[in-house]
Amino acid sequence: MQDYIERVTGGADLTVEEARDAARAVFEDATEAQIGALLAALRAKGETEAEIAGFAQGMRDAALTIEPDRGPLVDTCGTGGDDYNTINVSTTSALVAAGAGAAVAKHGNYSVSSSSGSADVLEVAGVNVEAEPESVEACIEDNGVGFMLAPVFHPAMKAVIGPRKELGMRTVFNVLGPLTNPAGADAQVLGVYDADLVPVIAESLSHMPVERALVVHGSGMDEIALHDATTVAEIDGDEITEYTLTPADLGLERAPIEAVAGGTPQENADDLEGILTGDVTGPKRDLILANAGAAIYVAGLADSLEGGVEVARDAIDSGAAKAKHDALREA
């Protein structure tokens, strides 16, 4: 560990395997001082795609994992930490994608970028967010959707709580959540809090067992946006394609960011329920259609992003998305 600290402090980059080994040390035997020193040195130098991938692999190595007999598995977990307090997009989108027929292994946590994260909203809605791995695996197999709370599946992360809190700044761990799905998701829509991270995270994903993914940043949002353009890196096997996406490309209208503002966990849960029942329409529904459509697209259930939006609309209007929400609550 000391060797890694000295090298990174000196400006050297770690390989994927070295970063993976450093992560192992962080979770197993490094002191808090060593952990803090390494994280600070990486931040000062700037984490490379290989280092992020290596840390993600090391975090997966230490995780409790599941292997649902369903596939391809899709996740909509993003980094959080964006500039806006919106409705909870990733969770609602995941339920809509599940309603469209995707097998969803939703990875999430409590709030980072909004008043309520995935776990906050689902907990208020009556979902057992702290379900053990075997229960989540069965839920995905039986219902086509399950929620994996990060602290339950990544107990080794306790080792970095103290150092991260004392450092008081973003570290490599701020981007690892979406890269460490405990079910080994095959397809992802992965929102990031900074546009500069889009190509970096896309390259990091190339080291992970993901077949299809969209890494997105929507003009300040870690989601596909309606208020402005979205920067996208699309991963399809070994190929990465970068482009810009507008609401018009999806057949949707632009809307100001204020139109999709979030609130308390209860208010966000009410919006989630309302979108799924059809009682909430307009920009909030459209924002979910955009992001659920992307998940449907990477799951292979639509030939285009705009086609994914149409499938998402049908999943809501038919009641299928609401049925998935009910099944998750009853599991």
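Any Cβ shown, glycine's included, is placed from N, Cα and C.
Source: prediction; values computed, not measured.
Look at Swiss-Prot and you will find Gly78, Asn109 tagged as anthranilate 1 binding site, backed by sequence analysis. Taking Cβ-Cβ distances under 8 Å and a sequence gap of 6 or more within the same chain, the neighbours of Asn109 (anthranilate 1 binding site) are Gly80, Gly117, Ser118, Ala119, Leu149, Ala150, Pro151, Gly177. Asn109 (anthranilate 1 binding site) falls within neither a helix nor a strand when secondary structure is assigned with DSSP, and so counts as coil.
Every protein chain shown contributes to the tally, and the Cβ of Thr86 (5-phospho-alpha-D-ribose 1-diphosphate binding site) ends up with 25 other Cβ atoms within 10 Å. Among the features that Swiss-Prot reports, 5-phospho-alpha-D-ribose 1-diphosphate binding site is placed at Gly78, 81-82, Thr86, 88-91, 106-114, Ser118, with the record citing sequence analysis.
Annotation source Swiss-Prot lists Mg(2+) 1 binding site at Ser90, Glu223. Secondary structure at Glu223 (Mg(2+) 1 binding site), as computed by DSSP, is coil. Around the Cβ of Glu223 (Mg(2+) 1 binding site), the number of neighbouring Cβ atoms within 10 Å comes to 29.
For Arg164 (anthranilate 2 binding site), applying a Cβ distance below 8 Å and a minimum sequence separation of six or more within one chain yields Leu39, Thr171, Phe173. In three-state terms derived from DSSP, Arg164 (anthranilate 2 binding site) belongs to a helical segment. The feature anthranilate 2 binding site is assigned by Swiss-Prot to Arg164, with sequence analysis given as support.
Look at Swiss-Prot and you will find Asp222, Glu223 tagged as Mg(2+) 2 binding site, backed by sequence analysis.
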### Query
Near His107 (5-phospho-alpha-D-ribose 1-diphosphate binding site), meaning Cα within 10 Å, which of Gly78, Asp222, Glu223 (binding-site residues)?
Gly78
### Message
Which one is it, among the binding-site residues Gly78, Asp222, Glu223, that lies nearest to Tyr110 (5-phospho-alpha-D-ribose 1-diphosphate binding site) by Cα separation?
### Response
Gly78
## Note on the structure
Judged by other C-beta atoms within 10 Å of its C-beta, the most isolated of the binding-site residues Ser90, His107, Tyr110, Asp222 is Tyr110
### Task
Work through the binding-site residues one by one (Gly78, Thr86, Ser90) and name whichever has its CA nearest to the CA of Asp222 (Mg(2+) 2 binding site).
Gly78
### Task
Tally every other Cβ atom lying within 10 Å of the Cβ atom of Gly78 (anthranilate 1 binding site).
30
